[in-house]
Amino acid sequence: MTYTLVLLRHGESEWNAKNLFTGWVDVELSDKGRAEAVSGGELLKAADVLPDVVHTSLLRRAINTANAALNAADRHWIQVKRNWRLNERHYGDLQGKDKKQTKDQYGDEQFMLWRRSYDTPPPQIADDNPNSQAGDLRYADLGADMPKTECLKDVVARMIPYWESDIIPDLKDGKVVLVAAHGNSLRALVKHLDGISDEDIAGLNIPTGQPLVYRLDENFKPTVPGGEYLDPEAAKAAAEAVANQGK
Ligand SMILES: O=C(O)[C@@H](CO)OP(=O)(O)O
């Protein structure tokens, strides 16, 4: 008996296209991103990997990617669950800043520490920064959990409880589970699933719009380490493009 989990990073967003740090800012998909979401759904249908339930973040780029992909796969009718714990990593004061300008201003090393180190968060965002989510109604219940910045370690700490409380039970029910989320929230989940070290996770980039299928054993460990992309060539090229942002 294996369980089937599909991870899907949202398609390219308007701010991915502009090379801006995004985090919790609720930007829309670009035209390219919408097309990537549809292609992702077509890949799922062609491979006969048909989700029974979808979990998304509270951000429209993940929600709209899930909708477009499921529509293309004729699975637009399945059960939907949304939770802030699947949100992108909060990028603190970097939200809205240009990646290349940030790299030029602070240097390569600091830039990569903020982007990919496991435990160095960017500076906190101020509540009156236009790119802050303070006061956003969808987060009204978070209280002290509301972040002002996050490193990947913080994302692991808020995402794994949701994996255990909400996603594993759906897998145990025999459902094919689709998780439509973000580059860094999915890196947190992949780190947990594959047991990737704090150092090695820095080198892992998740491509936009490429379904990544994990078959999990009875202990919810991958039967194939790293899972399997349905279109491995396209996924490799798209992951390299993510790694090269800011260059
Ligand atoms: O800006 C962001 O929120 C993320 C994902 O798009 O960027 P990065 O890949 O630099 O962590």
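A Cβ is built for glycine as well, from the same backbone N, Cα and C atoms used for every other residue.
Here is what TrEMBL says about this protein:
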- 9-16, 22-23, Arg61, 88-91, Lys99, 115-116, 183-184: substrate binding site (BINDING)
- His10: active site, tele-phosphohistidine intermediate (ACT_SITE)
- Glu88: active site, proton donor/acceptor (ACT_SITE)
- His182: site 'Transition state stabilizer' (SITE)
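Sequence features annotated in TrEMBL and their locations in the structure.
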residue	record	DSSP (3 states)
Arg9	substrate binding site	strand
Trp15	substrate binding site	helix
Gly23	substrate binding site	coil
Glu88	active site, proton donor/acceptor	coil
Lys99	substrate binding site	helix
His182	site 'Transition state stabilizer'	coil
Other than its own, how many Cβ atoms are within 10 Å of the Cβ belonging to Glu12 (substrate binding site)?
-> 23
Check the Cα distances from His182 (site 'Transition state stabilizer') to each of the recorded positions Arg9, His10, Trp15, Arg89, Lys99 and keep only the ones within 10 Å.
-> Arg9, His10, Arg89
Taking only the CA atoms, the spacing between Lys99 (substrate binding site) and Glu88 (active site, proton donor/acceptor), expressed in whole angstrom, is 16
Whole-number Å only: compute the distance from the Cα of Arg9 (substrate binding site) to the Cα of Glu88 (active site, proton donor/acceptor).
-> 10
Close in space but at least six residues away in sequence, with Cβ under 8 Å from that of the residue listed as 'active site, tele-phosphohistidine intermediate', the same-chain residues are Leu29, Gly33, Ala37, Leu59, Arg61, Ala62, Asn64, Thr65, Ala180, Ala181, His182, Thr208, Gly209
What remains of the recorded positions Arg9, His10, Glu12, Trp15, Gly23, Glu88 after requiring a CB under 6 angstroms from ligand 1 is Gly23, Glu88
Distance between Glu12 (substrate binding site) and Glu88 (active site, proton donor/acceptor) at the Cα atoms, whole Å?
-> 14
Could you tell me which of these recorded positions, Arg9, Arg89, Lys99, His182, has the greatest number of Cβ atoms within 10 Å of its own Cβ?
-> Arg9
Cβ-Cβ distance under 8 Å to Gly183 (substrate binding site), same chain, at least six residues away = Arg9, Glu88, Asn205, Ile206, Thr208, Val242
Output, ordered by sequence, the same-chain residues six or more apart from Gly23 (substrate binding site) with a CB under 8 Å from its CB, or 'none'.
-> Glu88, Arg89, His90, Tyr91, Gly92, Leu94, Gln95
Sort out the sequence-distant neighbours of Trp15 (substrate binding site) for me: same chain, 6+ apart, CB within less than 8 Å of its CB, listed by position.
-> Phe21, Thr22, Val25, Val27
Cβ atoms near the residue listed as 'active site, proton donor/acceptor' (within 10 Å, other residues, all chains) = 27
